[in-house]
Structure formats: structure tokens, C-alpha cells
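A quick write-up on the structure given underneath.
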Amino acid sequence: MEKSWFNLILSKGELEYRCGLSKSMDSRLGPVENTTVNEDPTRNDTDKNIHDCSDSSSYYSKVDHLVDVKDIRNFISDDTFLIRDSNQDRYSIYFDSENQIFELNNDHSFLSELESFFYSYHNSSYMNNGSKNDEPHYHFNLYDNDTNCGWNNHINSCIDSYLRSQICIDSSILSGSDNSNDNYISNYICGEGGNSSEGKNFDIITRENGNDLTLKESSNDLDLYKDLWVQCECENCYGVNYKKSLNSKMNICEQCGYHLKMRSSDRIELSIDPGTWGPMDEDMISLDPIEFQSEEELYKDRIDFYQRKTGLTEAIQTGTGQLNGIPIAIGVMDFQFMGGSMGSVVGEKITRLIEYATNNFLPLILVCASGGARMQEGSLSLMQMAKISSALYDYQSNKKLFYVSILTSPTTGGVTASFGMLGDIIIAEPNAYIAFAGKRVIEQTLNKTIPEGSQAAEYLFHKGLFDPIVPRNPLKGVLSELVQLHGFFPLNQNSIK
């Protein structure tokens, strides 16, 4: 005997009842049985008097004597939703919240009998005696089809709301209080149960047979797909790109050609010859020099979080490599590490890289991607601007060596005001956001509206702020030509590509 379950919920006073509906293999509607285990002889006698659903008068006459709302906690371990999708196909979904198992049933003959049963009940004399009109919260929809949400969203919402009810049940319901007119289970089934708790969603993974489904909880829908898909950041696109193919295409959107943010490791791989990367000062980590006070979390805890998230020790990677066989010193900032903010360690690593390039007569390339100086280190982070600029003065003016700065999106604040704009050649990526102060800060300070696009690379290029705008595809070749133009050549002439 296969069983399918449904909730019969009547929001009249304190009446709540769950019954089970047995379905035989020949799709005939069997007797209605009470699933409650109760030793009350009066109630057991009542249950024995319930006959087949075809004997509707006998069944309906006994409904209002079945179960009090105080026993509701005994009935909410499983549930079934009757759903109709956008194609008008009907489904019954049963789930056991303890085992987190779902069963999907689209047996049309059985569902037709269920539908007939509920509609006949809805039109019965019991319902027409004023109960529906007197109870403002009564609402039962056999097939709840929310036009504002998709099929999956509605199922997720119902499941989410139901599981929330397993954790936190209104105390007035548990205590049998008279203030129980707002039938929370009825609201949940009818799609009125409110928002999901803490933004959590539930995903249904279907087995091959299409009947059994398993519930899986995740903190966010995006978490399920972030390792597979990347959304374009362009406000005119927002296209979705497959992550594996995106890496091979240099993080350039397939739909609109927008240059997405890149991890520092990916950019290093893009910029230099394979197998030539030699990192420097990897063991340098940030402390808390000013014991920064924060209501949210400690500065050290934030550093630890981003170290685990990115696998980096700081917001920049510095080292040496070869550019088509030409030895270079290169530093690449990573915006994923605290917004690429420049603190004491970032400033020290850049300064040491410049000094190494000065002593070894190497061309220098710095890739900027930063929100500016790190506020958690106060004036110590601002001091890095002067320290780096001083080292660059010796490198450029005294040693007459060649420095290229590459501005990617975003480059703002103290980085823009220091080494970002000190390159002998300043290269910008297409559509890069380049500014000293952000748009919102300027508007709040000057009480003026900033035109759209006034801080984009293309607009600033026409104002003479930097030299070329170079896409990522030819960037390595352009850098190689610039370096050779300034007198730096490959160690092995055969390595020129």
C-alpha cells in the first residue's frame, strides 16, 4: 500500500487536523484514517466512525470533533503540497523534514480524485454554514500558483517556511491560546509565510527516477553556482559566463567584452612567461599597529579571513619573472583581498620590489587594483604613499630605469595619488574605473552631481590622464615592445615571440 499525505487545515478557532489518505495501487481513493496516536477513547471512537470518502456526509459531520490545535506539534513532522505548474501539470510533493526526503507524484488519476475530494469538501454544507465568511483568515488553495514567482521559487519558499516552523513555533499555538487565528501552517501552504530566514534557500536535487528528491540547504543560491558561473559587472550587460572558459578568455565577458576583475595569480600567469615566476617577501603579514577598534570584527580577524579566502598573505604579490625572455620585476595587486587596500605590508613589499629592480637594473611593472589606503592602519598606511614615491624617484630619476604602471578597475584613493600615476608609461584597461575620490564621496562633499562615465578610462584618456588604453589580449606583446624600446632585451634571443 503506497501512501500519499496531505494537510486538511481549517482555520476556524482552534481547529487543526492532519489526516492521511491511503492510495491503493489501482489509484482508488481509500479510507481516510487519523494519523494521530492518541489514547483518548472518545477520540478513538470518533476516528472509527470515519468512513470512505464517498460517504461525504459521514466524514464531514465528524471533522469538527477531531483534533485540537494543542496537538499540532505531533503532526508537523511531514507535509505535502499540491502544486500546479505553468504548464497546468499537477503534482503532489511529500517530504519528511526529519529525513529530508521528498517524493514527487504526478499520478493524474490520483490527483484528480484528490481535487474532486477537496472541491466537494469546499462546497459541502459544513463550509457553507458561514465558516468561510466568519473566519477572515480561511484560505485554502489546492493548487497554489504564484504568478510573481517561478515554479522552483514557490516550492523553495514553501519548504523554507515549513522548516522554519519546525524550529520556531508560535508560543500561542503551542499553549492553545485564543489568539491563534493566524494559522501559520495555512499561511505557509498558501505562500504567505513571509521571507526566508537569514536569506537561506533550499535546493531540490532530483534522482534519476524522478520520484525521490533530497533536500539540501545552502546559505545562498549564488553559492551553488559561484564555482561554475561568473556574472558580468557591466551595468548594460550582466551576462553570465562559464567560469572555466572565462579563465581561458582572460576574464573578458563573452557577451559584451567587458574586462572583469582578475585574481593576482591569474594576471601574473597572463603577464609573464610560464615557469619564470619568482615570488618575493611572501612571509610578510600585517599586524594591528594602531590596535584599530571596530564594532564589527577585529582587524586581525579580517586579515585572517581574507588570507583563507584568497590564499594570499596580503593584497599584493611581488616578484620577478620574464616577459618574452626579458627579466622584469613585477607587482600585482589583488582587489579580492580587502579591496586591494594599501597598508604597511603592501607599501613595504612595493618599496622592496622597487629597490630590488633598482639594484639589478630591471624594468618595473606595477598592476594597480585598489580602493586606496587601508583605514585600519591610519596614518601608517598614508605614509606608504610617500615611501613608495621616494623609492620610485631614485629608480626613475637617478638610475634612469623604466617603470610601467597598469591601471585596472578599480584604481582609486592613495594608489592613484602615488605610484599609480608615476609611471613612465601609464596604461589603462578598457572601461576601468579610475579616480582619487569615489563618485558618492564627491557628491556628498561638493553637493554636486557627477556625470556618468566621468571616471571611466575612455573619458579620462581624452583628458590626457594616461597614455594608451590596451585590452588584455595584446597587453603582453605591448609591454614587450615597450621594454625593448627602452633598451631591455631577452636573455635568449630565441625566446622572443
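Every residue number used here counts from 1 along the chain in the order it is shown.
Using N, Cα and C of the backbone, Cβ positions are placed for all residues, glycine too.
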Stretch carrying zinc finger according to Swiss-Prot (options 232-256, 432-456, 457-481):
232-256
Which Cβ among the binding-site residues (CYS253, CYS256) has the fewest C-beta neighbours inside 10 Å?
CYS256
Report the member of CYS232, CYS237 (the binding-site residues) whose C-beta atom has the most other C-beta atoms within 10 angstroms.
CYS232
Taking 8 Å from the centroid of the Cβ atoms of CYS232, CYS237, CYS253, CYS256 as the cut-off, which other residues in that chain fall inside it around the Zn(2+) site?
GLU233, CYS234, ASN236, TYR238, GLY239, ASN241, GLU254, GLN255, GLY257, TYR258
Number of helical, extended and coil residues in the zinc finger (232-256), per DSSP:
6 helix, 4 strand, 15 coil
